[in-house]
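What TrEMBL records for this protein:
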- 30-139: domain 'PGG' (DOMAIN)
- 84-105: transmembrane segment (TRANSMEM)
- 117-135: transmembrane segment (TRANSMEM)
- 141-165: transmembrane segment (TRANSMEM)
- 189-301: domain 'PGG' (DOMAIN)
- 197-214: transmembrane segment (TRANSMEM)
- 244-266: transmembrane segment (TRANSMEM)
- 278-295: transmembrane segment (TRANSMEM)
- 307-328: transmembrane segment (TRANSMEM)
- 375-488: domain 'PGG' (DOMAIN)
- 431-453: transmembrane segment (TRANSMEM)
- 465-485: transmembrane segment (TRANSMEM)
Amino acid sequence: MTMPVDIDPGRRAPAPATPVTTAARDAYFLWELRKYVLLQATLAASVTYSAGLSPPGGFWDDNDGVRLAGDPVLQVTYARRYTLFFYFNATAFIASIITVNLLLVHSLSRRRWWLRALQAAMILDQLSLMGAYAAGSCRDVAMSAYIVALVAMVSSYVCAHVLLFTLCALRRHDSGGDGEDVMPEEAHEAVERSRKYLLIFATLVATVTYQAGLSTPGGFLSDSQDSDHLAGDPMLHDHHPDRFMGFFYFNTTAFVASLVVIMLLMSRTVTRHGFQSCALWVCTGAALIGLTGAFSVGSSRSVKTSIYVIALVAAILLYIGLQFLVFLCKPVEKWVHSVQETLQKYLRLDRTESQQDHRVHAVSDPQALNADQLLQKSRMYLLLLGILAASVTYQAGLDPPGGFWQADAADGPHHYLAGDPVLHITYPRRYLVFFYCNATAFVASLAILILLLSNIFSTQGIKYCALQVAMILDLLGLIGAYAAGSCRPGRKMRTWNGN
């Protein structure tokens, strides 16, 4: 049975003149968001494919008569967890491939079963990702219970969300309405922009946290030591248990929060309940906090380096808080404007009349008046740059160049534990330069995301040079981290610098 929906892939379809069914509206809604659904399915397929070929726990290095070299370690030491991880991960991979195939054929979007199949594949994909993460990211029952509790909270919230919308729609239908809220065009466009930005952000956060949860920093034990230390256990859990627990809970919170954001944004009801109840912004904030916390405790082993990351985040939050205070507090805003007018008055004393006329002409230039439009056009590209920078610096911080030590040992005056970064002992200066530059780039990219995800901060941030400063710090941090971590001998470094 065909549906009364006809959408041209090259343009936005006009609103239908005749009433259409709820299924038709859902199909039209998903087709409008097909680029972001395709991005989500593609990234989910890539991470599940990689996790299936390189499962958590690693592989056996040799044969001993019972196991063969190259077999998954987790299959022997934690057989049930490995089985659950394998089936959940495989289901998520297949569901992602099905979603991609359904989105590539436009002619199928006019059929009712296409909508139901796409919705089922998307839900199955996200639930399977949660199951694979719960089975493969931890070994303890308490940690698994935390993930199950988060998933239960997510399921309860989504069910309550759908039930509330259904009751509201039935009430509007009984009162004579069509069950749809009429929104102003400007508000509708703002909601759609925010939806797209948050979808991209949540998708990439879910991707990096899924990979980081299955490949914990520090690596895994290669051999069983006793009944409490089995092969495949995270080495960080033995020598730095507090850091491992902190990393796990922060990373898991960011992963689940990002999936909640995706679930809410894939529903048309988000325009009525998601933004109005601030649920989306709470989950987005939880994802940002989870990313920051997991990076600060998982990328370093000393208190000094963790304090540096926390201090950077605190400075960013303080600056954003001051901006928020300036934007919304009228006395502070008036005081800032008075200070600006006073400075401009003194700076203009040596200006000639022709310079002032030239300035007035520049202000009246239509190109200058279109600065906000230019910002809106480049906002998506800046957001993508910030997200990609945050993802690569997050992964590099948790898995630094040089790898990790596989056993406890001592090298002269240096003592190190299994799971500590090798580069920290062999090239301590290079490691510190890499860590501080990478951490600076990571925090700067988070600042870019915070500024761009808010309409107020994105426009005012340009005015106060916040975005420019964050972009410069981000790029310089990336360059410094690459220069320090990509080579070892000092001769190569001098050659790279042109000396």
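For all residues, glycine too, the Cβ spot is worked out from N, Cα and C.
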Chain residues outside the transmembrane segment (465-485) and at least six past its termini with a C-beta under 8 angstroms from it: 319, 323, 382, 385-386, 389, 392-393, 396, 400-402, 423, 430-431, 433-434, 437-442, 444-445, 447-448, 451-452, 457-458, 493, 496
Range from 84-105, 117-135, 197-214, 244-266, 278-295 with most C-beta pairs under 8 A to the transmembrane segment (431-453): 278-295
DSSP-derived helix, strand and coil totals, residue by residue, for the domain 'PGG' (189-301): 80 helix, 4 strand, 29 coil
Integer mean pLDDT for the domain 'PGG' (189-301): 80
